[in-house]
Amino acid sequence: MARGGDGLQVLSALDAAKTQWYHFTAIIVAGMGFFTDAYDLFCISLVTKLLGRIYYTDTSKDSPGSLPPNVAAAVNGVAFCGTLAGQLFFGWLGDKLGRKSVYGMTLMVMVICSVASGLSFGHTPTGVMATLCFFRFWLGFGIGGDYPLSATIMSEYANKRTRGAFIAAVFAMQGFGILAGGIVTLVISAAFRAAYPSPAYRDDHFTSTVPQADFVWRVILMLGAAPALLTYYWRMKMPETARYTALVAKNAKQAAADMSKVLHTEILDEQEKLDGMVAAEGANSFGLFSREFARRHGLHLVGTATTWFLLDIAFYSQNLFQKDIFTSINWIPKANTMSALEEVYRISRAQTLIALCGTVPGYWFTVALIDVVGRFAIQLLGFFMMTVFMLGLAIPYHHWTTPGNHIGFVVMYAFTFFFANFGPNSTTFIVPAEIFPARLRSTCHGISAASGKAGAIIGAFGFLYAAQNQDKSKTDAGYPAGIGVRNSLFVLAASNMLGFVLTFLVPESKGKSLEEMSGEAEDSEEEPVGARAVRPSETQMV
């Protein structure tokens with residue numbers, strides 16, 4: 001806020017507001033979007049083995065079918081391509097049309113495409129996979145919009161004292177989404193396994209995969225529409241954020257009216273004051289591609305984008321391919337020793353356990369400590385500890401793969417997830433929503449998030465090939481020899497270490513108002529006294 005106390009009362013009221021019911025409402029409404037995002041993005045990894053068995057099994061061979069490399073890469077990665085595009089498009093649109101109106105669009109895209117993904121049709125395996133990929137791309141497009149909009153809305157609603165915890169709580173719903181994906185898959189696969197018992201593949205190639213298994217993956221994908229649909233009404237009831245209404249739309253009267261209802265207190269309509277601020281706009285009307293933006297925020301944007309990029313290479317390759325890692329350490333039996341439904345059950349059980357022990361607790365440690373310790377320290381700690389645990393997995397890798405040591409591997413693996421979430425996976429989401437001007441906030445968050453998804457695409461596509469055995473005779477069907485899981489873990493450790501270094505480009509935003517973090521407050525002090533009387537720091541976000 002402006003240091004002279006001459007800012008708009010509606011913004012001062014938001015910064016100083018005590019934690020109250022509307023904060024929790026905003027967390028739930030925005031957080032359910034992230035719950036849905038995580039469920040939709042990660043549930044596909046639970047059913048890719050099943051898709052391979054259903055559509056690509058050759059019963060003349062000793063091992064059940066698996067998705068061909070190009071199909072597996074497309075199914076796993078296409079949603080990320082859509083997410084990247086959605087983050088850029090909806091991030092920009094959120095600054096142009098307002099946060100609320102765009103928020104509803106993203107949700108409906110997610111609902112429609114979740115259902116459509118489960119209804120993927122075709123007479124051939126290629127046809128089914130092609131339609132699945134088509135709908136997952138557009139599902140990702142809707143999910144992408146949720147990132148910049150949820151973060152921006154929460155940051156603009158929150159008070160400055162607990163803003164980090166509120167944004168972190170929204171993002172923490174991602175952990176519950178991953179957990180829900182595992183539990184839903186566990187329940188559905190267990191139910192179908194009980195209803196339609198079948199032998200292991202090595203005992204009977206033909207009946208190991210029952211026809212009803214085709215319903216399993218479809219039901220799991222379609223259930224992603226349910227939480228998104230449930231929150232649509234509440235999203236549409238939320239008023240536009242006061243910072244957008246006042247600083248971008250330049251309607252102080254509407255901002256004061258909206259926040260008076262939300263905060264249950266009388267807030268003055270200061271339209272004349274805002275008009276005076278706009279008239280004195282001057283240098284602070286710079287755009288995203290201006291030299292002034294590069295001077296003030298260029299390094300900040302580089303920092304938020306590169307750290308998110310590096311984090312997601314490690315985070316998404318781990319999440320998407322943990323089923324392969326568990327198989328490689330023999331924690332999940334070989335595919336031909338199980339039926340199709342048994343394999344889905346065991347994969348989902350493993351992911352649920354990791355989510356419960358490592359993923360979910362890490363998010364909530366961040367919620368509890370981010371406004372105490374600060375964003376910078378948590379991000380540094382997270383990247384450092386992820387590097388340590390990756391090396392702890394990679395250096396004695398052969399030890400972890402021997403019988404009796406698998407539990408130790410899983411514990412170490414869970415700790416890498418814990419420190420991702422009590423670390424850069426949370427902070428890279430929070431900081432871009434705090435340090436850029438209001439009129440560019442959603443766009444800059446979208447750019448940072450899209451950079452992260454570029455890293456996720458590298459993780460999703462690259463790790464699929466890189467983690468293959470170095471011995472061509474031991475690779476999965478259709479894959480070239482890779483560098484192996486052990487060397488892949490070394491690569492991810494190096495990626496995390498580079499993220500640690502680049503964190504030093506990102507400023508600390510703990511305890512500061514959004515207007516202070518934008519850097520405009522400095523200019524208001526440099527100007528003549530007469531100008532300062534009508535132009536407080538936070539006004540020129542427009």
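Cβ coordinates come from backbone N, Cα and C, glycine included.
Nobody curates TrEMBL annotations by hand; they come from automatic prediction.
As given in TrEMBL:
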{"type": "COMPBIAS", "residues": "517-528", "note": "compositional bias 'Acidic residues'"}
{"type": "DOMAIN", "residues": "26-511", "note": "domain 'Major facilitator superfamily (MFS) profile'"}
{"type": "REGION", "residues": "515-542", "note": "region 'Disordered'"}
{"type": "TRANSMEM", "residues": "21-47", "note": "transmembrane segment"}
{"type": "TRANSMEM", "residues": "67-90", "note": "transmembrane segment"}
{"type": "TRANSMEM", "residues": "102-121", "note": "transmembrane segment"}
{"type": "TRANSMEM", "residues": "166-195", "note": "transmembrane segment"}
{"type": "TRANSMEM", "residues": "215-234", "note": "transmembrane segment"}
{"type": "TRANSMEM", "residues": "353-373", "note": "transmembrane segment"}
{"type": "TRANSMEM", "residues": "380-400", "note": "transmembrane segment"}
{"type": "TRANSMEM", "residues": "406-423", "note": "transmembrane segment"}
{"type": "TRANSMEM", "residues": "444-467", "note": "transmembrane segment"}
{"type": "TRANSMEM", "residues": "487-507", "note": "transmembrane segment"}
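Remark: the transmembrane segment (215-234) contacts the transmembrane segment (102-121), by the rule of 3 or more CB pairs under 8 A. For the transmembrane segment (380-400), the residues of the chain that approach it from at least six positions outside its boundaries are 307, 311, 314, 329, 406, 408-409, 412-413, 415-416, 419-425, 427, 485-487, 489-490, 492-493, 496-497, 499-500, 503, judged by C-beta separation under 8 angstroms. In this chain, the transmembrane segment (67-90) lies out of contact with the transmembrane segment (166-195); the count of Cβ pairs under 8 Å, excluding pairs fewer than 6 apart in sequence, is fewer than 3. With pairs at least 6 apart in sequence, the transmembrane segment (444-467) and the transmembrane segment (67-90) have 3 or more Cβ pairs within the 8 Å limit; the two touch. Tertiary neighbourhood of the transmembrane segment (444-467): same-chain residues 69, 72-73, 76-77, 80-81, 83-85, 87-92, 94, 144, 147-148, 151-152, 288, 297, 301, 304-306, 308-318, 320-321, 324-325, 328, 428-429, 432-433, 436, 479-480, 482-485, 487-488, 491, selected by CB-CB distance under 8 Å and a gap of 6+ residues from either end.
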